[in-house]
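To start, the structure itself, in structure tokens.
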Amino acid sequence: MNFVLDASVALLWLIPSTQPAGVPYAQGVLEQLKEGRSVVPSLFFLEVGNVICKLEGKGQLTEADSQRYLALLGQLNIVVDSATAKQATGDTLNLARRHRLSVYDAAYLELALREGLPLATLDADLAEATSKVGISTSIGKG
């Protein structure tokens, strides 16, 4: 299965303690990604890097932990969308306005709509907007 991967899910593979209730969903997405492919907006790795930097700075994560996590991401079939920036001040901005999302979150929604793919997210506001536009957040087998 192909899908759009939100950083909120991928970061839970690194720091599951931040949202324990979401761990089963995140693990299911990871299992699906081992067989499928995900597409991410170009800001995905900036978001991941930002969280890693903050956690390392607070002493909540070691550089070795970060490197293991980044190696995991490198092994997965994650494709970076090349049109994210082109959509930013058009469809993405309009989705952000309409659904009261950050433009960053709306980039994931715009990508899911443009590609016709489900969106794996643990962000409540993004999941709500995704549902409103008829995009699934169900990622998994079966």
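Placed from the backbone N, Cα and C atoms, the Cβ positions cover glycine too.
Here is what TrEMBL says about this protein:
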BINDING   D6, D105  Mg(2+) binding site
DOMAIN    4-129  domain 'PIN'
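Reduced to three states, the DSSP call for D6 (Mg(2+) binding site) is coil.
Mean model confidence of the domain 'PIN' (4-129) amounts to 96 (pLDDT, 0 to 100 scale).
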